[in-house]
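The block underneath contains the structure these notes are about, expressed in structure tokens.
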């Protein structure tokens with residue numbers, strides 16, 4: 001199954017499975033209609049009638065929605081009736097053209113025995129009214145999720161962009177300089193490429209304690225990087241601080257890195273605790289996964305995040321107490337160290353040997369007393 005590179009449980013964006021299934025359904029229906037042996041005119045007439053009823057049903061549903069939206073025309077649509085109509089009916093010209101075209105074909109085809117068009121129109125209006133009053137026209141949860149993802153309407157989308165714009169975009173460009181300054185004063189404690197990055201923890205259950213040592217005693221606070229300050233949103237000399245942690249293994253230091261949680265996950269957890277937010281545990285898990293995927297996509301295209309930031313997404317097993325956050329972080333650090341060594345060896349092997357290229361050119365002189373002419377075919 002397709003999933004994000006961060007974690008197997010993080011889904012990839014939806015593809016075109018629904019469209020492919022619709023093509024299969026279309027083929028099956030065409031074969032069924034062909035096998036029934038009905039006259040083509042008869043089949044076409046009922047098909048056009050059905051399409052016309054669908055368009056008319058959508059139109060009637062939009063008219064009912066328009067009655068409510070007109071009450072908010074100034075607050076939601078800046079007093080524009082055209083915007084209000086488009087919000088409820090889509091493009092009125094397109095929908096009206098489809099409706100008129102369907103009605104034209106309905107009356108132009110040979111008539112068959114059936115209920116009058118006026119009776120069918122009244123029945124269609126009745127069914128749409130019942131759908132609205134009884135709440136039968138709601139979308140399925142999967143459809144709502146697909147619409148929100150496609151339109152970037154999710155809570156996770158806004159949180160991920162807020163986290164990047166309001167925090168990561170500001171601190172990542174200066175991170176390497178702050179680490180170099182720290183190393184100058186503390187004997188290169190953060191040496192190596194993997195130690196000179198910001199590692200962001202992404203627990204999918206949104207469990208974000210304020211103290212990392214509470215999550216794992218083998219993660220121990222060591223020091224802080226030099227603070228970064230700046231004026232933002234009217235706040236003078238706003239301070240940005242990052243913490244350095246040492247990772248213990250068998251009681252010994254096994255790694256050192258700049259480590260922290262993604263604070264928006266704490267917001268998601270808090271939202272699920274407030275009934276006013278209408279945010280269930282399942283919603284929290286879905287939004288946490290979408291937050292991780294969106295943040296990964298943002299950082300993949302952000303030049304300031306190149307080699308400056310790494311995401312560590314994980315999910316603690318509910319029935320397994322052997323999970324160790326420090327070991328999870330160490331696993332990522334060691335994996336990156338291996339990748340750094342592999343990339344370095346490939347670059348070294350790609351450079352041609354300089355043992356012969358760097359030598360001084362030598363002038364080779366023949367031992368003959370007289371130089372030979374340019375032509376050697378003389379007799």
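For all residues, glycine too, the Cβ spot is worked out from N, Cα and C.
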Run through 9, 321, 366 and tell me the one Swiss-Prot describes as phosphoserine.
366
Among 137, 236, 289, residue that the record in Swiss-Prot marks as ubiquitin cross-link:
236
Position flagged as ubiquitin cross-link [Swiss-Prot], chosen from 150, 347:
150
Out of 92-106, 152-166, which range is noted as transmembrane segment by Swiss-Prot?
92-106
I'm curious whether residue 14 and residue 90 share a membrane side according to Swiss-Prot, where sharing means carrying the same topological domain name.
yes
What residues in the same chain, six or more past the boundaries of the topological domain 'Cytoplasmic' (1-17), come closer than 8 Å to it by Cβ-Cβ distance?
146, 149-150, 202, 204, 289, 292-293, 296, 311, 313-315
Max CA-CA distance, Å, over listed 3',3'-c-di-GMP-binding residues 162, 167, 238, 239, 240, 241, 263:
18
To the nearest whole angstrom, what is the C-alpha distance linking residue 238 (3',3'-c-di-GMP binding site) and residue 150 (ubiquitin cross-link)?
36
CA-CA, which of the recorded sites 20, 150, 338 lies nearest residue 240 (3',3'-c-di-GMP binding site)?
338
What residues elsewhere in the chain lie close to the topological domain 'Cytoplasmic' (70-91), defined as a C-beta under 8 angstroms and at least 6 residues from its ends?
59, 62-63
Please give the average pLDDT for the topological domain 'Lumenal' (35-44) in this predicted model.
80
Count the Cβ atoms, other than its own, that fall within 10 Å of the Cβ of residue 239 (3',3'-c-di-GMP binding site), considering every protein chain shown.
9
